[in-house]
Amino acid sequence: MQVCVSVCVGEENWVDSRTIYIGHKEPPPGTEAFIQQRFPDNRIYTFWNFVPKNMFEQFRRVANFYFLIIFLVQLIIDTPTSPITSGLPLFFVITVTSIKQGYEDWLRHKADNSVNHCPVHVVQHGKVVRKQSRKLRVGDVVFMKENETFPCDLILLSTSRDDGTCFVTTASLDGESSHKTHYAVQDTKAYNTEEEVDSIQATIECEQPQPDLYKFVGRINIYMDNEPVARPLGAENLLLRGATLKNTEYIYAVAIYTGMETKMALNYQSKTQKRSAVEKSMNAYLVVYLCILISKALINTLLKYVWQADSNRDEPWYNNRTDTEKQRHIVIRAFTDFLAFMVLFNYIIPVSMYVTVEMQKFLGSYFIMWDDDMFDEELGERAVVNTSDLNEELGQVEYVFTDKTGTLTENNMEFIECCVDGHIYVADAICNGQVMPGATSMDMIDSSPGPGAREHEELFFRALCLCHTVQVKEEETVDGIKHGIHQGKSTSFYISSSPDEVALVEGMKRLGFTYLRLRDGHMEILNREDEIERFELLEVLTFDSVRRRMSVIVRSSTGELYLFCKGADSSIFPRVISGKVDEVRARVEHNAVEGLRTLCVAYRPLSPEQYTEVCHMLNGAKLALHDRDKRLAEAYDAIEKDLILLGATAVEDRLQEKAADTIESLHKAGMKVWVLTGDKMETAAATCYASKLFHRNTQILELTTKRTEEQSLHDVLFDLSRTVLRQHGGMARDSFSGLSGDCTDFGLIIDGATLSAVMRPAQEDSNSGNYKDIFLEICRNCSAVLCCRMAPLQKAQIVKLIKASEEHPITLAIGDGANDVSMILEAHVGIGIMGKEGRQAVRNSDYAIPKFKHLKKMLLVHGHYYYIRISELVQYFFYKNVCFIFPQFLYQFFCGFSQQPLFDTAYLTLYNISFTSLPILLYSLIEQHINVDILKKDPSLYRDIAKNSLLRWPIFIYWTLLGVYDAIVMFFGAYFLFDNTTFTSNGQMFGNWTFGTLVFTVLVFTLALDTHYWTWINHFVIWGSLVFFVVFSLLWGGIIWPFLNYQRMYYVFMQMLSSGPAWLSIILLITASLLPDVLKKVICRALWPTTTECIQQMYAGFGYVPTLFDSADKLYEGHLSEFTPLASLHAPSKAGGHRRGSCNQGNPRRSEPFRKKTMFTRWQKQPDYNTFTPLLRFADGHSKHAYNGGAGPETSV
C-alpha cells in the first residue's frame, strides 16, 4: 500500500497519491500509520498575486520593455526630452491593459467570492453544522440536499435512495444537461443519519489532483473490527465541484479535493498561447523599425562629431561646456549622445499600437457575440468568444478540419433497422423519444424466422435492452402532481450521454422489448408477452474510444450468466467465433454505404467458474492505484473474447441544416476541407457526398488498409502521386487556385491504420524513405480529404502535419466532442460546436458556435472584416509614426545635431494617446468595405485577403515610403514657406516652436483614412479628435501654467493661427501630402482593380449598372448561371466581353426553387445595401423568358 510519508533521511519524495481520514478520525491503533498531508483550504482566489503577475506578463512584450528602458535612460542621463514623454504613454498602455485584464479577473473574483462565502452543511460530532464554503477542509463529511451545487470534489458515501445512487447534472462543467448516475461506496451506502455517518472509520487513498474531469483513481479502506476492507473508487463515485444534485433528496459525501486543487479549478489553467499571423507580422515590422531607429541614432551621433570637428562649432559662445564635460572620455560622450538620440527618435516605435490592437480585438469580439444571425433558437445559444487574440486569423484560414458526427451531422439518432442472423427488422421511425408522423404499428420486413432462430432473435433484443448505460426518467413532478400518466400507463423517457444508445433502446421498444428501469441492481425489461423480466447487473465494461465497444455481465432470473457486447464492426468481428458472420457483414456494409451508423451485437454465456475468474481479474485491476486504465484494458481484452454474433443495428444521423451549403461556400472561398472521423469508411464517404465535400465527378483516391494489403504502401503512394501529378502537369495545385472546371477534382480517403504507417519515421536501414512528403503532395492536389477510423490523437497529428508543411498554411479545426479537443488545441484556430457530446470542445476552443452553418458567416464575413480592419490599423500606426518622427530627424541637420526637439513635450506625449489613436481605432471596429450580404453571397472575395496579403512586405514598404514622403513634404514645405518671410502683421519672424507646431498641425490634420462605411460615430470621432487638438493647443498655449518651469509654448498656437500664410500653408501641405496616395488609388482602381474594388465601384454606381443589366438579360435567356458570383463580373474588356471567375457557365449547377433571392439586384436612385430586389420576374408580365441555367436541385450560395 502506498502512503504519503517522507523518507527518513529527510529527503522528501514527490508523492503521487494522498491519504485522507474521513471525518478527520484516525484509524484504530495497531493499523498502518499515515502521516497526514497538508491540504489547501477551499478558497479559489487570491487578489494580491494579480499585480506582480500582470506586470511580468506586460513587460514580456518587446515594445513595453523597450519603452521602460528608454524611460529609465531619460531618468538617468540628460536627454533632450522629458521622461514624461516616454513614461506617460507607457503608463497609459500598461494601465489600460491592466484595467482590461483586471476587469476580467475581478469578474472571476466576484464569482469566486460568492462561492467562497456560500453556506455548506458539515457533519461534526454526530450533528450537522453550518459553515462557509471557504472553511471546508479535506476529510470533512458534507451533507447536501437536492438542487444544491457541490462546493468541492467529493466521494459519495450514502444517499437517500435505497440503491445508493444519486443523479447529478454537470451543465456548468461540460454543458451536458443529462442526468448522470453516481454510486455510493457499497459498504457505506446504508449509513443514512448523521450519527451513523459520523461513526464511519475509514481512509481514502487517491491520486493527486489532476484536471481530467472524467478520470479518477482511488480506493477506500473501511475499518471493521480493526480489519480494513478495501474497495475501489472510480469516476462513478466522484462528485465534481460545480455539479448539481438532482432527483435525490440528500447525500453524505467526504471532501477529497478543495480550493484550487478541485478539477474545475485546475481547468482554469490557460491553454498554450496562440499567436496570429498579424501579430507575427507586427513583431517583424517592429524589428525593422528598431533597426531604422538605431541607424538614425548612429548617423546623427556620427554627424554630430563631424560637425563639432570645427572648434568654432564645438564650443559656440552660447553653449560653453563645463570642465566636467570636457574631461569625459569621447567614447562615453559618444555613447551618451547615442542614447540621447535614441530617446529623441524613440517615437518611431508605436508603443500605443499594442494597446490599440488589444482594445480593437477585445471590443471587436463582441460583434460575433451580438450577431443575431449566429443565434440558435433551438439551443437558445449565441456564438461565444473564448479568446479575442485570433479574430483576424478567421480571415486567413486555408485548411478546415472538421469532425463528422455532431458537427456535419445533427447527432440526433433515429433507429432505422436491425439485422438478426440475416433477417431484417424495420421499426417505425423514432427520434429522441418522438414518434415520427405517419408511424403506425410495428413493421417487420423479411420472412419470420423459424422456431430455432426465434430464441436468437429474442436474445438479440434482450442484449440491446441490457447492454447500455441509459437512465429512465419519469415525467417531472409539478406542484405535487406527477405528470406523465397517459391512458393509465406511466410514460417515461430515456436519458443517456450517447444519443446512439437512446435510439437503440427506443428501437427495441418499438420491436416489442421495453427497458423499464434499473432497481436494486436489477435491470427490468418488458417482453412481448407483457411479462417483466429481471436481470441482475453484475458488471459494466464501459465504452472507450480505443476499444470501440462496451459490455455488460448479467444474471437472468433462472441463474444463467451472460456477457452481452456491442460495438463497431471492426472491434466485434475479430472476436467472434460463431454466428452468421457473412450475412451480418454484408448487411453492415450495405447500411454503411447508405450512410447509416452501424453497431454489431454479440454475446457469450459464462459458467460460474468463468465468472469467478472474471470478477477476480476486474477487481484486481479496479483496486490498482497505478496504471489502472492499462490493467482494466487488459482485463476487458481478456474477457471480451470467444463471442457469438447475434446481429447488427443501423441508426441514421441526419445532416445538419445548411451543412452542404457551408462546405460549398468554404470551397469557393479557396479553403480545403478535411473530414476527420472515427466512423467507418463507407458511412463517412456517404456523408461526404451528401454534404458536397465530394461531388459526383470527384475522382476518389483510396489509401486504406484494404489497398495496402494488396500492394505495398510504397507502391500505393507512388501510384496515387503519379495519378494526381499527371493531371496537374507535375505542378502542385495552390490552395487558392480554386476548383476549375477543366481540371479533375480528386478526393482522398485514408484510414487511421494507414495514416499510422505513413507517419511512422523511416528506418535507417530501409529504402522506403519518408512517406510524409509524398502524402502531403497528394493531399495538396486533392480538393477534399476524408480521414476515417481516426483516434483523437491522430486527428491532432494530421493538423500538426499540415501546419508544419512547406507553405505553413493557417488551419482551423471544428468539432463538438471530447475526442476533438486535441485537434482543436493543435490548430491555429479552434472552434467548438455546442452539440450533444458535452461541452469539452467548447471549453477548449477559441470560439464556439451553435451549429456548423454559422461557420460560413464567421469566416466569410467576420473573419474578412477583422483582417481588413486590423491590417489597416497596423500599417497606419507605422505610417503615422514615420510621419511623426522623420521631421525630427531632418530637423537635426538644421540645429547642429544638438538633440533639439522639433515638437513640444505635450505634443510628443499626446500624439499617439489622444490626437491620432481614436479615429483609427474606430475605423478598425466598424469599417465595412463591402456589404455583409455580398460577402456571404460571393465567397470568392475571401481569396482577396488570403495568405496575409495586406501585410506583405511590399505593402509595408509602400506605407513606410509614403510616411517618409509626407514627412519630407511637411518639413520642407513649412521650411521653405518660413524662409526669408515675415508671417505676422507686425513683422515678427516665427520661432522654432512655431515652426514645429505648424508641422505638427499639418501632421495631425493629414488623416489618410480610407473609410468606406461612414457613420455619425466616424464623423464625431475624426472631427472630434481634430477639435480636441485645436482646443488643447489653445489652452496649452493660452495659459501660463504654474507647474511648468518653462513657458516656451505660450501664445505660439494663437500667433500661428493669426497668420494668413500659415493657414494657406496648412491647406497646401495637407493637399500635397495626400495627393500621391489618392493618385495611386485612382490609377490602380482604373487599370488593375481587385475583385473587391470592382464590387465597391458597382455598388457606388460608377457606370457598372448597364453591364449588370446585360448580365441579367442573359440570365433570363439561360446564358448565365443564376449563381455566377458578383466577383466574376469585372469591367468590360476592349472586346466588350466579360471576364469570368471560378463559377463559369460550363460547370453544372443545381438550384433550389426560385423562392431564393438571386444575386443580381436592381439599384434604385440611392444604393440600398440591405434591399435585394430579385430580377427574375416569373410572376409578372415579363416572365416570357425561360430559365435554362440549372441542372437539378442544389443549394445556392
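From the backbone N, Cα and C atoms, a Cβ is placed for every residue, glycine too.
Annotation comment: TrEMBL describes 36-86 as domain 'P-type ATPase N-terminal'.
Across the range of the domain 'P-type ATPase A' (119-195), the DSSP-based residue counts are 9 helix, 39 strand, 29 coil. Sequence annotations record features per position, and here TrEMBL assigns domain 'P-type ATPase A' to 119-195.
Around the Cβ of Asp816 (Mg(2+) binding site), the number of neighbouring Cβ atoms within 10 Å comes to 31. Annotated Mg(2+) binding site per TrEMBL: Asp403, Thr405, Asp816, Asp820, in sequence order.
Counting only residues at least six positions away in the same chain, the Cβ atoms of Ser498, Arg549, Met550, Gly567 sit under 8 Å from the Cβ of Phe543 (ATP binding site). The feature ATP binding site is assigned by TrEMBL to Asp403, Lys404, Thr405, Glu501, Phe543, Lys566, Arg597, Thr677, Gly678, Asp679, Arg789, Lys795, Asn819, Asp820.
As annotated by TrEMBL, domain 'P-type ATPase C-terminal' applies to 842-1090.
Taken from TrEMBL, the feature region 'Disordered' covers 1131-1157.
Cα of Arg789 (ATP binding site) to Cα of Asp820 (Mg(2+) binding site): a span of 13 Å.
Cβ-based neighbour count (10 Å, all protein chains) for Arg789 (ATP binding site) stands at 22. Calculated from their C-alpha atoms, the gap between Asp820 (Mg(2+) binding site) and Arg597 (ATP binding site) amounts to 19 Å. The ATP site in the record is lined by Asp403, Lys404, Thr405, Glu501, Phe543, Lys566, Arg597, Thr677, Gly678, Asp679, Arg789, Lys795, Asn819, Asp820, and its two most distant CA atoms lie 25 Å apart. Here the CA atom of Asp403 (Mg(2+) binding site) lies 9 Å from the CA atom of Asn819 (ATP binding site). Taking the Cβ of Asp403 (Mg(2+) binding site) as centre and 10 Å as the limit, one finds 29 other Cβ atoms among all the protein chains shown.
Cβ neighbour count for Gly678 (ATP binding site): 22 (other Cβ atoms within 10 Å of its Cβ, all protein chains included). Taking CA atoms as the reference points, Gly678 (ATP binding site) and Asp816 (Mg(2+) binding site) are 13 Å apart. A separation of roughly 15 Å, to the nearest angstrom, links the Cα atoms of Arg597 (ATP binding site) and Asp403 (Mg(2+) binding site). By a simple count of nearby Cβ atoms, those within 10 Å, the most crowded of the binding-site residues Thr405, Asn819 is Thr405. Most other Cβ atoms within 10 A: among the binding-site residues Arg597, Asp820, that distinction falls to Asp820.
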